[in-house]
């Protein structure tokens, strides 16, 4: 039988290695998973078919588009056909990364690249490589004696090639200032929405809200500098977390505070301060003593995903019902943000995807302007009705007057705020320590640590040469505990932790320099000293706050579920675990809500904890994921840098403590390098 003369199609009976076509496993093709991100076992561990003689070409995963981009490689057995007129081609970064990865895995070494006159690396038109030498297994797999079940733990620069600036880059003051401004502006919703909800629930007025907003900006700047220099050293922003919002609202609505009328804000604030201080001290102890390294063995993407998703889903009863108080403004705001996020996300202005990065602040500014115009033209002005004077005729209009109007609220908040205000510790009074509230917050601090672990892993894949060691993760959790103590002393009303949506901002802006985050933190501290800034933020109409929260909580749910990209999301095992975790996280709290009237002793603690959606999701997912059999690849076990990585200069520059402080922590292996 005559063979096919088409050089592009493989001959019948020829070796499969000569085919340039990718043969990814079925789940990888549909989910876009790349094993090198979790760095664990082959697909064969979970029952997937593989082609040991025809490994798939390496691919890089774009976190923004969730698409797999194949990296061209040089076939070790049959060189790819070259055009006759092509004597040399520039070697791309992806080719170099693929070459490094093949060398690290024990493949045959290629010929050194030739240097052209222009200084760029070039390769010859034909590369002669031995065809009889079989590919060698990786050193790490051979050392562990488990070649088939473990992929090489190789962390190269291919996943960082799309970043404009990497972790240790210092591009200059102007680029740092520009990118730092857009980074924090994109995080504006997370920084200011939580205090707006907390203060309103505690019965505070515009002056109280302005003080809390300024305090949040100040503490967020200080704690971000601490985390960037003495914690994980990753470009992660610290701030008020939605993880602490649900227990804080549960405490505020406790029967013991229902009878308070006068000075209810300061009384509840002091109770929250005491609970946050104790819970944050427990979190710092969790990281400093090394207990976090033990907890890391139980935390995987299948645990992190439903836990974070449950945080966003737990507020479904708050979002749209509050938005419905002024439906036309709330719907308009959500539509604007959705159009920017989804339909205009690929539109670039001056080289930046403005609508994708600034969707939340732009939507907020446009809606606020429209609301102000409607208010000034008398759209929400009813005859003989005043917000402060409630009559029978005006009762049906009071809700819309409070939620929709913008001009009056802005005027009151700005007039009551001074130009200069310095947030200081214990400005709301001495904290009150209640053991019941402290236990509730301490359990939630564990959930916060789980959230931070997922952020550390995802951000390190974007900006660092290698993921952190368990010791660096413990150090970051310890600094988060210290940050929470500062938040309790200053009186933010809520704990401080790593903002999950920060990872999405890094992936979109392509800015991974820690100097950018540090400069933005300094700007936050300066803005916190200007009292009018806090007053302006505090004057945000309530319906706009509800609309932004609907967007932020939906994004938080999506960010949580996106952690499944590190595991086999199509596995029946994982599907059942995620489904059970999410369902019981919504259904179980509805049962315990009816027992919240009993607020005595341990009953209050158990009822409050079991009525929190995130706690139920974490317990169900952690128990099932660590007891149901599954391969490491199927579970997507997080891979941290091995202990021997601390001797590498690049790793030390990425995660080492500045000012030679690392030598003071050498005796504490679990929080240092």
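Using the three backbone atoms N, Cα and C, a Cβ is placed for every residue, glycine included.
Bear in mind that TrEMBL entries carry predicted annotations, made automatically and left uncurated.
Annotated range for transmembrane segment in TrEMBL, selecting from 152-171, 272-291, 392-411, 412-431: 272-291. Per TrEMBL, the stretch carrying the note transmembrane segment among 498-516, 574-592, 631-649 is 574-592. Spatially, the transmembrane segment (604-624) is adjacent to the transmembrane segment (298-316); three or more Cβ-Cβ distances between them are under 8 Å for residues at least 6 apart in sequence. Within its own chain, the transmembrane segment (272-291) has Cβ neighbours under 8 Å at 244, 248, 251-252, 428, 431-434, 437-438, 440-442, 444-446, 448-449, 474-485, 487-489, 491, 493-496, 668-671, counting only residues six or more beyond its boundaries. Among residues of the same chain six or more beyond the transmembrane segment (355-374), those with a C-beta under 8 A of the stretch's C-beta atoms are 182, 185-186, 188-189, 329, 332-333, 336-337, 340-341, 344-347, 380, 404-407, 410, 505, 508-509, 540-541, 544, 547-548, 551-552. Across the candidate stretches 184-203, 322-343, 574-592, the maximum count of CB pairs under 8 A to the transmembrane segment (543-562) is reached by 322-343.
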